[in-house]
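Trainee: The annotation compositional bias 'Basic and acidic residues' is assigned in TrEMBL to 15-28. The domain 'Major facilitator superfamily (MFS) profile' annotation in TrEMBL covers 83-498. Feature annotation from TrEMBL assigns region 'Disordered' to 1-30. For 81-100, 120-137, 149-167, 179-197, 209-230, 242-264, 309-336, 356-374, 381-399, 405-421, 442-461, 473-493, the entry in TrEMBL reads transmembrane segment.
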Amino acid sequence: MGEKRAITPEASSSSDEKAVAHHAEGHGKNHAAATDEYVFSTLHCTMDRASTVLTQRDRYGNALIHIDPEAERRLRWKLDLMIVPTVALLYLFCFIDRANIGNARIAGLEKDLNLTGYDYNGLLSVFYISYIVFEIPSNIGCKYFGPGWFIPTISLGFGGLSIAMAFVNNFAQAAGVRFLLGAFEAGMLPGIAYYLSRWYRRSELTFRLGLYIVMAPMAGAFGGLLASGILQLESFGSLTSWRMIFAIEGVITCVLAVISYITLTDRPETARWLTQAEKDLAILRIKSERVGTTEVLDKMDVKKLMRGILNPVTLSTSFIFLLNNITVQGVSFFAPTIVRSIYPGKSTVMTQLLTVPPYVVGGFFTLLLPAISWKMDRRQIIIMSCTPLVIVGFIIFLATTNTEARYAAIFLLSSSIFALGPMTNSQVSANVVSDTARSSAIGMNVMCGNIGGLVSTWSFLPTDGPNYPIGNGLNLAAISTILIVATAVLFWMKKDNKRREALSVEEELAGMSREEVQDLDWKHPAFRWKP
């Protein structure tokens, strides 16, 4: 096996680049599968001098290259400044455009549209039907067309549909708009997660996912503030009351979407704000984490797509995210209603404002827990730690009708439920190899999460108010199950890694071609689960 070599963007050689041939020593029937593999990356120094760098891989497909941490730190900071703000703002208004129906509800939407019985729950449900159906196809489309075009386009679409919601006059029209809204928003969460995985290492990804998923609780806080501010206006053109909420927030979304066509860069190779040396380093550091493959952006095929979907960690984590979204989406859609049931004498504007502080607490933990995960390079234990405070919160809701205690419980609910968004998406991303498998794994995770969102729309029923014991009991069961499943999966990952340690990689890969080895993905004998 080769010795690790330090690589920086400043690495250079003479003007005559050396041609280095692929080297393999024969072991068994297939040379390449059982020997050291050499991959090439051309890095350029700041004076535009080029050098050919030999990136060596051991016989198990693991890179034997060490990248200068200072050069990588500078690159990572540049990526954070150029990529994260745009996707974070887009996701903020994606979530606002989805959840602002809760703010519109207490501003008179139900009365003006003549909604009765379970009509409001039906409006929420129809959104999730299209969201679930288009989830995986949207992420496949994101890979096919490229995130730099796909994400701004769907953002423009759901911004326009938010504006359209301001002009509906009955349940049928509102349901139609909500169905289309779900179709356009379906690709947003998995699309951004997949997009960031093109730029960041496994350990770095969790925190960067947190930087945009924190916009979910911030949407609750900012959405409440924005809605209360909008409702102070007499009119917006011909629109008044709750219709202004949809229209103004939709216009802001469309403006951001148009700007993002310019600011979002599809992949490192096309980033005009990176030097050539930085582009090569960005590609090299992602490539160095790929076991058994040398490709960063591989060609899409059905086998790799299924590897991502049927991955055991993908399936178990997706189930966790499903349960989590019963709670997250329930709190997002019904927080104003819950607060109104706790403080029935407060004005509409004050009710909107009382929903803000719990979301601020949620935002803090949505950044703190992924930051801890980044430093530890661990995700499963953080997923487990997200549950205890939420369990206590729902127990309080079930155990007492005391106003102060129930309002305090909302803070406990918000403390860590939002953090499971970045934690679960980074976990499925970390436990696949190819770019194609990653796109389908993230799509699967978010699709299952939104099945939980569909369940959440029926968790707080009008007949269950004002204390909602059924809804709170359902959420308590969901969050408790997350703790049980996450713990069981952690033990399974450790056990299966021990089993893999006992395998002979040479024997397992004997007779396989290079393409067959790359198609193994997480089934590669040298692959290890990353808890």
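Sequential numbering from 1, following the chain as shown.
Backbone N, Cα and C atoms are what each Cβ position is placed from, and that goes for glycine too.
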Trainee: Are the transmembrane segment (209-230) and the transmembrane segment (81-100) close, by which I mean at least 3 Cβ pairs under 8 Å that are 6+ residues apart in sequence?
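Mentor: Contact criterion met.
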Trainee: When each of 149-167, 179-197, 309-336 is checked against the transmembrane segment (120-137) for Cβ pairs under 8 Å, which one has the most?
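Mentor: Top-ranked stretch among 149-167, 179-197, 309-336: 179-197.
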Trainee: Please check if the transmembrane segment (309-336) comes into contact with the transmembrane segment (405-421), where contact means 3 or more CB pairs closer than 8 Å and the residues in each pair are separated by 6 or more positions.
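Mentor: Counting Cβ pairs under 8 Å (6 or more apart in sequence), the transmembrane segment (309-336) reaches the transmembrane segment (405-421), since there are 3 or more.
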Trainee: Would you mind listing the long-range same-chain contacts of the transmembrane segment (149-167), meaning Cβ under 8 Å and 6+ residues beyond its ends?
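Mentor: For the transmembrane segment (149-167), the list is 87, 90, 93-94, 97, 100-101, 138, 141-142, 174, 177-178, 180-181, 184-185, 187-188, 191-192, 195, 239, 243-247, 249-254, 256-258, 260-261, 264, 266.
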Trainee: Do any residues of this chain, six or more beyond the ends of the transmembrane segment (81-100), have a C-beta under 8 angstroms from a C-beta of it, and if so which?
Mentor: 127, 151-152, 155, 158-159, 161-162, 181, 185, 188-189, 192, 195-196, 199, 208, 211-216, 218-220, 222-223, 226-227, 245-246, 249-250, 252-253, 256-257, 259-260, 263-265, 271, 273, 332-333
Trainee: Cβ under 8 Å to the transmembrane segment (179-197), counting only same-chain residues 6 or more beyond its ends: which ones?
Mentor: 83, 87, 90-91, 94, 97-98, 126-135, 138-139, 141-143, 147, 150-151, 154-155, 157-158, 161-162, 165, 205, 208-209, 212-213, 264, 421, 425-426, 429, 435, 438-439, 442-443, 445-447, 449-450
Trainee: Go through 381-399, 405-421, 473-493 and flag the stretch with the largest number of C-beta pairs under 8 Å relative to the transmembrane segment (356-374).
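Mentor: When the Cβ pairs under 8 Å are tallied, 405-421 comes out ahead.
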Trainee: In the same chain, which residue numbers or ranges, 6 or more beyond the ends of the transmembrane segment (442-461), come under 8 angstroms Cβ to Cβ?
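Mentor: Tertiary neighbours of the transmembrane segment (442-461) are 118, 121, 124-125, 128-129, 131-132, 135-136, 138-140, 186, 189-190, 193-194, 197, 308-309, 314-315, 317-319, 321-330, 333-334, 337-338, 421, 424-425, 428-429, 468, 470-471, 474-475, 478.
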Trainee: Taking contact to mean three or more C-beta pairs under 8 angstroms, with sequence separation of 6 or more, is the transmembrane segment (381-399) in contact with the transmembrane segment (473-493)?
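Mentor: They are in contact.
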